[in-house]
Amino acid sequence: MVCFRLSPVPGSGLVLLCLVLGAVSSYALELNVTDSEKATCLYAKWQMNFTIRYETTSKTYKTVTISNFSTATHNGSICGDGHNNPKIAVQFGSGFSWTVNFTKEASTYSIDGISFSYNISDNTTFPDAKDKGILTVHDAVGFRIPLNNIFRCNSLSTLDKNGVVQSYWDVHVQAFVQNGTVSTKEFLCEKDKTITTVVPITPTTAPSPTTTPTPKEKPEVGSYSVNNSNGTCLLATMGLQLNFTHDKVVSVININPNTTDFTGSCQPQTALLRLNCSNIKYLDFVFAVKNENRFYLKEVNVSMYLVNGSVFSIANNNLSYWDAPLGSSYMCNKEQTVSVSGAFQINTFDLRVQPFNVMEGKYSTAQECSLDDDTILIPIIVGAGLSGLIIVIVIAYVIGRRKSYAGYQTL
């Protein structure tokens, strides 16, 4: 953990900002704002990243992911007073800033709004950008939390507006902290409550026939990894083919690993692998631990840019694929389909994943999928052969009996 103790800011006392190093391109931030009496008044701990799509001078589009907060500062973070509400303000990188405002009512407080600003004139981060200057995206959240409760949302949440996707997970935040003590009473986001599936609503009218896509060749296999302070914590090798239906048209996309960026995070009970490229805002694979001894693919979230300029988005956090014991990897060389919804499926090829307990950056012993298990064919073949032999014996016996009866005539 790297901590920076900085001078007091107006309207508050001492502020302590800590960066808990997570994945190489992801940081857990922890902020503790104290008042003039050194009592905690605002506390937050969270992980985030930003995916920005921008137009270039050649009228093409590029995507960049911002996830390095190693230089983060917090100028402007305040407890709030009679004239100003509590606020988290974080600055990082080259001209990036992120602000969260809080408001208070009789028995609740609200995460009122989130603003993210970036300097698209920075040619290092945004090469060949058509637009120039500081651009700001504001989302009015309006999420209410009971006073003296800490808000918790370990699940992935996203805000998508004006070509910017803000992603947040492992969020713990409490404004208007009472008596200087952060509450142990948690108020959970919907995703952390009873798990539900988020899929498109199926039309009640009879659908028209869809257009059959042209079959795609097998996708190229890519290797992806996520690191934390202990080294590599997630490994994934796979060829990915996306099948989706939009406006009654079926499309197939092969993901090119050579033009795909990846990031993610590792936690004791969950792990995230996020992929993105020029036409995919994000493709998230979220893994979870179950029964303390196995892992599985729990959630897939995707958002893609379509040719007509619209956006196709699907999320499902109630999946159960790629199940294997902790300390091992899951492998399936044959083509396998992950059905996220009726409108979106992922075909995987030469798949191998290990989201937990990676040792020395290498895969552990693999549990193979049933599609790869050829040993099951042996008992099937033997059983079929024995069944055929029994049938032949029975037929021969019946024929023999008939001939023996035919040898006797009634006198």
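Backbone N, Cα and C define each Cβ position, glycine as well.
Keep in mind that TrEMBL annotations are predicted by a computer and have not been checked by a curator.
Taken straight from TrEMBL:
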type: COMPBIAS; residues: 200-214; note: compositional bias 'Low complexity'
type: DISULFID; residues: Cys153-Cys189; note: disulfide bond
type: DISULFID; residues: Cys332-Cys369; note: disulfide bond
type: DOMAIN; residues: 31-177; note: domain 'Lysosome-associated membrane glycoprotein 2-like luminal'
type: DOMAIN; residues: 219-358; note: domain 'Lysosome-associated membrane glycoprotein 2-like luminal'
type: DOMAIN; residues: 378-409; note: domain 'Lysosome-associated membrane glycoprotein 2-like transmembrane'
type: SIGNAL; residues: 1-28; note: signal peptide
type: TRANSMEM; residues: 376-399; note: transmembrane segment
To the nearest Å, how far is the Cα of Cys369 (disulfide bond) from the Cα of Cys153 (disulfide bond)?
32
Where Cys189 (disulfide bond) and Cys332 (disulfide bond) are concerned, what is their Cα separation in Å, rounded?
34
Radius 10 Å, atoms counted are CB only; among the disulfide-bonded residues Cys189, Cys369, which position scores highest?
Cys369
Could you give the Cα-Cα distance between Cys153 (disulfide bond) and Cys332 (disulfide bond), in whole Å?
32
What is the number of residues in the domain 'Lysosome-associated membrane glycoprotein 2-like luminal' (31-177) that are helix, strand and coil, as DSSP sees it?
0 helix, 88 strand, 59 coil
